[in-house]
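Each remark here refers to the structure printed beneath this line.
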Amino acid sequence: MKVDGTHYRTIWLNDDGWSVGIIDQTRLPHVFTTVDLKTLDDAARAIRDMWVRGAPLIGATAAYGIALALRDDASDTALATATDVLLATRPTAINLRWALEEMEKVLSPLDPTERVAAAYKRAAEICDEDVEINAAIGRAGLALIEAIAAKKPEGEAVNVLTHCNAGWLATVDWGTATAPIYMAHNAGIPVHVWVDETRPRNQGASLTAWELGHHGVPHTVIVDNAGGHLMQHGKVDLVITGTDRTTATGDVCNKIGTYLKALAAADNGIPFYVGLPSPTIDFRVEDGVSEIPIEERAMEEVSRLTGRTDAGEIATITILPDGSPAANPAFDVTPARLVAGLITERGIVDANREAIARAFPERVEIS
Ligand SMILES: CSC[C@H]1O[C@H](OP(=O)(O)O)[C@H](O)[C@@H]1O
């Protein structure tokens, strides 16, 4: 998407033909800065410390991390080690495993002398495929927004609530939850977005609001606990979120707090949709609550806040009493029964095993 007139993807191959550029998302919204990844460790740290985040972007970064690793050593052992290092960075987003398996499929059969070029090629393909997938999700979700707009008074905005950041910053471009929003906005359909701030890392307040602002999409940042109230008062027409892993049966793992939004949506008869690129489907998992590993992140993400002072400096403060412990589960699971539909690159799919298998038959065989 564009930032001040310049088109960016979230990850790119630099002109040197081997180092990889990313946006350091930990500095947004106050500082827009890019970083070059030059080693496997750079890529692993970028994922682990959330310089890049979002399931599809984590997968793309891992793919390039393999390419960076093989530049030094393209042996079977080096490939296996690099795969293990990257797999260990974050446990929940399935795109990480998916991307590493994609790289393994291409690279293992090759002679080591052919692996570096093939690794960069497959990593670039994964990025291009992600952009295409998300554009298709955008087109499929646009139809949902158009249908709601058609029932509203002329000019009245469709109010979409979203949680965390499933925007272009979470993918290579377009986003998943935001792709339909951008396409509706670009098509001139009045749309307004309620942006959950999404504690503790505030991906909504810091990233989604930043993205929407740069694209001129009307939006309002809200505290995470306001969504149910807005739904009760008829201010939300549609909820669209992203996902980090969706099971073969349609259970949706996403940023902590998503489940509560789904419950409030169900209680108020508001459709709850999920932007779901097919690499985010885990066909090896049936029950999301019992089988998906939920990342526990550092308590400091709860106890400390980083922002810009009135003097314009970036500062971090502690907001908890000394000695008060904090828990920080980073994701939760929304049962398929609360999901109105999965917005995939192959259209809207019901959140159940049969519909998912029908939509992606080629994926089911390999699970
Ligand atoms: C399109 S995937 C976006 C997904 O990833 C986010 O998690 P994190 O920022 O911790 O990587 C969040 O769950 C988003 O919905």
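Placed from the backbone N, Cα and C atoms, the Cβ positions cover glycine too.
Automatic prediction, not curation, is the source of TrEMBL annotations.
For the substrate site, TrEMBL gives Arg53, Gly54, Ala55, Gln203, Asn254, Lys255; the one candidate out of Arg9, Arg90, Arg284 that the record lists there too is Arg90.
Each residue in Ile58, Thr92, Ala93, Cys164, Asn165, Ala166, Ala170, Gly242, Asp244, Ala330, Phe331 lies on the same chain as Arg53, Gly54, Ala55, Arg90, Gln203, Asn254, Lys255 and has a C-beta within 8 Å of the C-beta centroid of that substrate site, without being one of the site residues.
Take the binding-site residues Arg53, Arg90, Lys255: by the count of other Cβ atoms within 10 Å of each Cβ, the lowest one is Arg90. Inclusion criterion for the recorded positions Arg53, Ala55, Arg90, Asp244: a C-alpha placed within 10 angstroms of the C-alpha of Cys164 (site 'Transition state stabilizer'); this criterion is met by none of them. With respect to ligand 1, the recorded positions Arg53, Arg90, Cys164, Asp244, Asn254 contribute Arg53, Cys164, Asp244, Asn254 as residues with a C-beta closer than 6 angstroms to one of its atoms, given in sequence order. Distance between Cα atoms for Arg53 (substrate binding site) and Asp244 (active site, proton donor): 10 Å, as a whole number. The subset of binding-site residues (Gly54, Gln203, Asn254) lying with their Cα within 10 Å of the Cα of Asp244 (active site, proton donor) consists of Gly54, Asn254, given in sequence order.
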